[in-house]
Structures are given as structure tokens and as C-alpha cells.
Amino acid sequence: MEHRGLGWPRLPRLLELLAALAVQAVRASAVAAASPDLSLWPMPLSVQTTPRVLHLSPDNFFFGHSSTSKAGPSCSLLQEAFRRYYDYIFGFYKRHHGSADLRVGVELQQLQVSVVLDPECDAFPKISSDESYTLLVKGPVASLTANRVWGVLRGLETFSQLIYQDFYGTDAMAFNKFNVLHWHIVDDPSFPYQSITFPGLSQKGSYSSSHVYTPNDVRMAIEYARLRGIRILPEFDSPGHTQSWGEGQKDLLTPCYNGKDPSGAFGPINPIWNTTYSFLSKFFKEISTVFPDEFIHLGGDEVDFDCWASNPEIQDFMRDKGFGRNFKKLESFYMQAVLDMISAINKSSIVWQEVFDDASKLTPGTVIQVWKVEDYTQEQSKVTEAGFPVILSAPWYLDWISYGQDWKKYYAVDPLSFEGSQEQKKLVIGGEACLWGEYVDATNLTPRLWPRASAVGERLWSHKDVRGLEDAYRRLIVHRCRMLRRGIAAEPVFTGYCDEDRM
Amino acid sequence: MKQNTNKTSKPQSCPSSHLLPLHFLTSTQKSEAGQLFPVDTFFFHLFLFLTAGKWHMSEKNSLVILVVTPGCDQFPSLESVENYTLTINDEQCFLLSETVWGALRGLETFSQLIWRSPEGTFYINKTEIEDFPRFPHRGLLLDTSRHYLPLASILDTLDVMAYNKFNVFHWHLVDDPSFPYESFTFPNLTKKGSYNPATHIYTAQDVKEVIEYARLRGIRVLAEFDTPGHTLSWGPGVPGLLTPCYSGSHPSGTFGPVNPALNNTYEFMSAFFLEISSVFPDFYLHLGGDEVDFTCWKSNPDIQAFMKKKGFGDDFKKLESFYIQTLLDIVSAYGKGYVVWQEVFDNKVKVQPDTVIQVWREKMPVRYTKEMELVTSAGFRALLSAPWYLNHITYGPDWKNIYMVEPLAFEGSPEQKALVIGGEACMWGEYVDSTNLVPRLWPRAGAVAERLWSNKMLTNLDFAYKRLAHFRCELLSLQIPANTRPHPKQESLEVSPPPRNFGV
């Protein structure tokens, strides 16, 4: 899978992870909720362990670059990662145990990182990014080899999970090897994205002046994500889901009609005005410069045709175009125009499944996100049969909470269990867990997301045969405590406890 | 992007100014939504500008409180009178109550009446309120066995309970998975039964703190030590207490409910509940009695022999009865009353007439409304919980269903209905700990709070939504680390972006 989302997943030739169990920097007394067995999440492609234990000491361990590595200390992405992971591993230890000296076995003094190909250190992660790595843990120097920095990040995470004293941080996505944040940034209720070209959009469309993402906020987010090998995929959903755009941009939305008179209400973006397209063109030009990812998500879901149908100008247009009363044709007309716009600025598009379902023809290469739960495997067949890449979300709507261990059903999903040829299956580039915001904000986001999304994370990273629920449960509860330790308020999987409960 | 959108409610936005919790309106008088201060003292000074009509304003600088019956150092009880009247006009700013508990309720309401203009001036409208609760027992259950809850979580919950006029904290302290209560009579209970005796326990000091913190907010602590089922965690610390299950003629290695056939059991319970009776000052103790699985008892030859000796035949309900009756007598002798789960009633255990039965089962053995009828028709007082299991989360605004429950919607005479003393929202802990307790509890529990306090006629959902949404915003601002206690990360929230994770 390429696109692991909270964004996109990707798993090309992935990793071979060899690890002689590295562990232990102490904690003689504490009963770790973590067992001595490996509790890696998500499960690497291949793991070999031995019972040999190495110890690490914070005063005598460091991450370094191998002499033959194509990356070095000038690679700030790796330097930052070294700092972060050092903290994850030793932060707690230092704070609470001083420098207790427990020498058990050989000492692990260094993890030497070696990047084989051009590191891509200052680049942004892409869908085609190579995240593979090999980790060989033996004393006194362990080695982490990867083709690119992205693989180093993934390998560092795994390395930190092998050690029982990892710690700190607020980076749940990276802990779960998600690599795309699909940012559904605007919709009907509010428009928090502060546009430089059209400042009125957020001025009038946001909930309040403090409920905005400034260009600086966006920049920070993108860089923060990049340092963790996470792509940010922005979505500006249209023509539906655009009520909030109408506040700051007059004459963008369709005026709905009650018979001969405007009703006062507005519907989706008006697809027949030239001004619509000149606005969108300028708008997406800005988006393409603000967001470095190759892809932009254009939405295209749940377009309500009633308002269009009521509008006399649109009725005329439909007649002129020979669309009859088939508004899907109008929708397609609009979507294709926007897709062309995106192509013209050298970006690629992702859309929700309606754009495929309702279209007669569609730009090849457009990625289709399958979200409707009914018959989603059939949809996957249809989309891939037509040759389009697919991102799967339908079974992973995490906002649909329910009582009990629902992570199991997310875990049990097989993204490739649809009717189709091998070529078709290759078109499934990954999936995304979705946490829609009707009932979610900063007060409950973290516990609602984690560790439930972790189940999706493993499904998208690990091998398809890694599906045993008992083993997954065992590792997931450890992983949950690990996230707690690192400052993520992940909710419980089930009855039990973590040593970190006393927060 | 929603598959089943509920488009009926408008999106709610929380202004970012410092709003304070709004409470629900009271039985008699409609009042404007306001902003308030949580108050810790009876007398305080505020500059209050009254508006009566358009032009008349006068400045007030104190709220005068008159409490008729002294009782400042007492504990609240089921019989506590929580009435109060609030009179705010040009001449006076006056809170009158029978007891200190009523004064607390009145202060909460008073604090919700105050609002702030955009310029920052505090206002209160001319107001007349006469208020008293519909039900005297308005409780919230927390489960500290399935997951340990740090003391701070419990204390925070008590605060928010007070904003909602909840007045009973039902503390389900121990259960199968863990025994965090530190017993001084039987320290091994905790040592062997807690998740981690160094960290996941409630010391005597912790318990005292909870009780006093609650008392200062007019909240009773109803402690529950559930037996004979739900007791696996008691086993390691008290060998011989639990029934050894048998596989054929040999012990299987597993254990079941408390062993009702041994004298030791009752000696233990005597000593244990002597401690509990002394530690927890409320008149009532909750003795549990729910979900007793008879399989283990059935398998045990000693118990089979006991059944024969007692002439119980094959009816294990009689054995359960026997245990519980003995236990109830023990507890009665300590001068305590008790609350039990409905199985005790369903299984026809002989209980004292002043036993309170807590109805928790939605459909079995009968629909809960029917159960309420049966319990009250037998002359027992009832507490309703069945429709208020807040741990049963579902997608969407389920607070509406919670709100629309009418506790007295069952067949019965007025005398029967009078036996319903109230209800409790339950937050069982299988999937809940301090990471998600707060957002899972609030504001949904607020719907229960209003149902139990306010007038039966208050059922308009739009009206409730408006106030609940406002109340929620108020709660948000209070959760900011203005409190001295450290808050779990997810509680200190900022409604304004960027998301908290960034930049850390």
C-alpha cells in the first residue's frame, strides 16, 4: 500500500527488519505493562529476534551516520529525527531514574544510519517515496540501512519500539507509520483556511477570527509533517460542501429558486458562470504553491442537485448543452473542468467516488477515494477495472463510534478482497482512516482517534497475513501504553492499566 | 462527508471569550443564559450592574445569603433539603435557603446568571427564582476497577457534577479486574488485588480527600463494594474467600463468587464492612449483588452439600438470598442503610423495607419501565439507571435520548411513583480511563442532570440544545489549567487552531 492515511499509504518493497532483541535500559522494579516479547506496531514484514539482550545507556548511546552513507550531519531531517528518538528512548529514564547503572550483556553504543541512494533529505515525501529499511541490531553498533531518509524514519520508529524505555513526543501518526495527513480543511459550516489571494473567504467564512489557519500555521504543519515523513494532502471539496465559501465569495454559489424567485438559499458552486472558473483557477494556483504535495484532493462528493435544478439559468444551460435532466452530466462537466485546471498546474487529483460514479469519462490517473460503505468491494472492482487508482476509506470511518472493541473490525478489513485481476489489485494504492468532525474537536480527538486508527495503520503497513486478533490485541495494548508514555492520550483498548496511568 | 448526516442541529460554535458554565434552568423561573464563576465562598463581592428595563442600572457589590438551618459541618444526606430562592432586583441581591446545601445549589445558579458584555462588564438580570429538585437522589457512577482513575480525575468530576447539581457520587471502587481501595483491616486486598499497589490505589488519605471534596460541594459519596459476584480481585488478598470452581471432582484452578457456605466468609465481611462503615460517612452503602453467576457454585461439592443442608434444593437464588440477607444484616447492624442492584429484588432476596433498588437492566428480565413498576409496587424505593448507561456510546447526539427519558413513565399509583427517589448516570470503565473520561461524560451527563433536577414538563429539545451547547462552551473554558490540579493533556484545550500537537 502506498497511501497510509490519515492519508495515503504506501508499501512498496518495504522493509526487511532484522533485529536481535535490543532492549532494556533499566526499570528493574517497575512492572512493565510491556511484556518481554516484541510488541511492534505495525508489524514489520520480516522480523528475526534472538533472546540476546543488549543494554543501552543514555550517556553512552548515540545515533550516527555511517561513513559510506549518502546522508550526513547536514541532513537536518535526520538530525531532528535523531534528537526526537533519543528523547523517546531515554527521556523517561533520565527523568526518573537518574543514572542507574544496570549492565546486562553487551552494550549497544550506536545506531549507525546509512542511506544508500540520494537521501532526498530536503524533499517532501511523495506517494512514490521509498520507505523501506533494514535494521540490524547487534552490539556495540547496530545498523539501520535505507534507500532514502523516509526509510530511516520508519526504521528509527521500529528501533525505538524495540527498546522498553521509549518516551515522549506527540506524534501519533508517525508512531503508527501513517504517512499522509488528508486535511479536509473547509466544508459547509466553516472556512478556516486563510487564503492569500482571497482573504474574504476566511474573513467571512470562518467561525471566528481566531478559528483560522494562517499561512504560517499551514507552513508549520507541512514542515512538522515532513520531518516525520508525512505528506499533507489538502482537500478543497467542491462543488458541494461549499456553503462557507459563499460568505466571502459572492456570486460563487448557485442561487436556489422557488419557482420564479430566488429563495434566498444557496446551493453548490455554480458550474455555469465563467467567473466560477476564473476564481477556482486563481484559488487552486495558490493551493498548488502553498501545499507542496503532488496531489490535491478536489472532493466532489454528495452534490445535491435540487438547487441546480431549480435555477432557471442552469436549466437553460442544461438545455443548451444537451444534458437533458441528467445533472450528473453537469456535475461531471464541472469536475472535469477543475481536474483540467489541476493538471494544468502540474498537480494530480484525488476525488471522492461520486466523481467516478457519475462521470462518463475521467482524466486517467485520477485517484478515486472509495468511501460509501454499501458494496464498497464492488466499487473497488469497478474503479480498478476502469483503470483508476483507489484509496479505500469505506470501512474505516472512525467517527462512527460504537460501544466495545471496534478496532477489531477495522483490523479485519482486507483492502484487496474484491473481485479483480492482479493488475487491478495493484491499483489500490492504500487507504485512509477518516475522522469526520461533526462530533469531534480538540477535546476528544486524540482518544477517539487512538488506538483505533492504529488498527488501520497496521492493516495498511503490515503483510496481509498479519491478521491474528489475539496477537494483535497483545501488541496493541502495549502500543497503546507506549503512546500514553509518549504523551498521546490514546484511550484504553479494554480493561487493564498502563504504568503511565498516573498522568 | 457523512454517511448518515444529522443535519437538524446547527453547528455550535464556542466564542473564545472567557465564558463560564451555564447551568440548566430551574423549575419555575426562566432566566437569561449567563456566564458564571464557580464560587467557593459564601460571601463574595462582585460589581453587578442590574438592568431592569432599558435604562435603569444599579451597581451591586454583594450577594447576601441567608441559611435558615445551620449545618455547615455536616454531611449531605438523602433527606437534605436543597430548596433555595434567589431574588435579584434593585433593592436586593439575595439568596435564601433552608440549608447550606440549598445555598450551594443557589450559588451555582447565581453564577450561571451572570454574563459579560463585549466590553467586559459583568451583568445580571433582574431575576426571581424559586427552585428545588424534582428528585433527591441525582447520581453519577464511576468505575475505578476496570480502569484506575487518578485522584485528580475523580476530583475534577466532582467539580463538574456540582455545576450540574448532581448530588451523589456512586463510587464503584472495586470489581473483578482490580481492587484499588486500600483497606487497613485487610491490606493484602490492595497489595495483591490492585493493578499496581505502588501506583494504582486509593489510600485512606485519598478516600478522605474525595469525601471532603464532595461534601464541600453538597455531594454524597455512595461507596459500592459489590458482592458476591464481581469479586475476582478480592481473591488473591483473602485466600478462601472466593468459591473454588470444580471441573468434575477436581478444582479447576479458577474461582467464582464469594463462598457463601463458609463461616469465614461472614467473619471477613463483618470485619471488612465494619471498616467501610467507619470510613464512609453516608448513611447508605451500595452492596452490589448483581450478575451472580451460579455455575461455579453449582460445580463446588461443598456448596452442593451446603445447599442440601439448608434445604435449598436446586435453587441457587436461595443461596444467593442467604448470602445477601446475612450481609445485609451485618451492614444494618452497623447502622447503615443500603442500595442494591435489581437482581437482589428480582431474585426475591428478603431485604429490609427501606432498601433502595437500583434498576439497571434495560430489557431483561423485563423492560426497565416494568421493573420500576414492580419494584415500587412491592414498596421499595427505586433508582433509575437503565437508560442512562453513558458508557454505551453511539454515533451522533445521543444526549437527546438520554434527555427524553421520563423516570416516572410507568404504570403505578402516585404513592408508587413517590418511591422513585431519583437516578444515576453510569460510566462503567471497561473502555474508559482518564484519557477519555471527560469528553465521554460531559456534556452528555448534563442531560441526566437536568432530567433529575428540573420540572417534568421541561422536554423541549431545541431549548435544551441551546442551553446544553452553551453549557458545554462554559465547561471548556473552565477546563483550562486555571485549576491548580494538573490536567491530563486532552483536557486543557484551546478551541482555536492550530491543533495542539504542532510545535510541541
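Including glycine, each Cβ sits where the backbone N, Cα and C put it.
Those TrEMBL annotations? Automatic predictions, nothing curated.
The active site, proton donor annotation in TrEMBL covers A:E302. Look at TrEMBL and you will find A:C75-A:C121, A:C256-A:C307, A:C481-A:C498 tagged as disulfide bond. For A:40-162, the entry in TrEMBL reads domain 'Beta-hexosaminidase eukaryotic type N-terminal'. Residues or ranges marked as domain 'Glycoside hydrolase family 20 catalytic' in TrEMBL: A:170-463. The signal peptide feature in TrEMBL is assigned to A:1-28.
Listed disulfide-bonded residues: A:C75, A:C256, A:C307. Those with a CB under 8 Å from a CB in chain B: none. Checked against A:C121 (disulfide bond) by C-alpha proximity, the recorded positions A:C256, A:E302, A:C307, A:C481 yield A:C481 as the nearest. The recorded positions recorded for this entry are A:C256, A:E302, A:C307, A:C481, A:C498, and the Cα of A:C481 lies nearest to that of A:C75 (disulfide bond). When Cα-Cα distances from A:C498 (disulfide bond) are compared across the recorded positions A:C256, A:E302, A:C307, the shortest belongs to A:E302.
Across the fold, the C-alpha of A:C307 (disulfide bond) and the C-alpha of A:C481 (disulfide bond) stand 50 Å from each other.
Regional average pLDDT for the domain 'Glycoside hydrolase family 20 catalytic' (A:170-463) in the model is 96. Using a 10 Å Cβ-Cβ cutoff, A:C498 (disulfide bond) registers 27 neighbours.
When the neighbouring Cβ atoms lying within 10 Å are counted for each of the disulfide-bonded residues (A:C121, A:C307), the highest count belongs to A:C307. Note: the CA-CA distance between A:E302 (active site, proton donor) and A:C481 (disulfide bond) rounds to 39 Å. A:C481 (disulfide bond) falls within a helix when secondary structure is assigned with DSSP. Of all the disulfide-bonded residues given, namely A:C75, A:C256, the one with the smallest number of surrounding CB atoms inside 10 A is A:C256. Among the listed recorded positions, namely A:E302, A:C481, the Cβ with the most fellow Cβ atoms inside 10 Å is that of A:C481. Counting in whole angstrom, A:C481 (disulfide bond) lies 53 from A:C256 (disulfide bond) by their C-alpha atoms. Across the domain 'Beta-hexosaminidase eukaryotic type N-terminal' (A:40-162), DSSP assigns 39 helix, 27 strand, 57 coil.
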